[in-house]
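Report on the structure given below.
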């Protein structure tokens, strides 16, 4: 069927931009992607915010201070020092423990043929034992002296 001769043929409706009043002659702010392709985000800058200025940070300098403690050498005698646990000036308390020299002396005496338990004499001699140093105030272990 054809349209009546007195009426014009209907045309396509106007586009959205024409209806709303958007000027289609202005260029788009971002490139228009082609059909079938996704924009990858390259070359697109985020919008600039106005109003508050960007805060400027001042560089912070950090200075490290090293406090070197005097080196305390532990021997088989009490040592005067500052306790690292209670920070008091102390003279260490000694405790003798069987160590490598004690056991080697015992083994050597055993190989030489000491009979009737004479090879156990090194366990009674403090001069052959290792020495542990303790704080007399807080009983903290502050050091040790190994004979071997």
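Cβ coordinates are placed from backbone N, Cα and C, and glycine is handled just like the others.
The shown structure was predicted, so the numbers you read here are calculated from the model rather than taken from an experiment.
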The annotated region 'Membrane-binding amphipathic helix' range in Swiss-Prot, which must be one of 82-102, 103-123: 103-123
Range annotated as region 'Disordered' in Swiss-Prot, from 13-34, 35-56: 35-56
Beyond the site residues 83, 86, 135, 138: chain residues whose C-beta lies within 8 Å of the centroid, for Zn(2+): 84, 85, 87, 88, 90, 136, 137, 139, 140, 142
Among 83, 86, 135, 138, the most crowded of the binding-site residues [Cβ within 10 Å]: 135
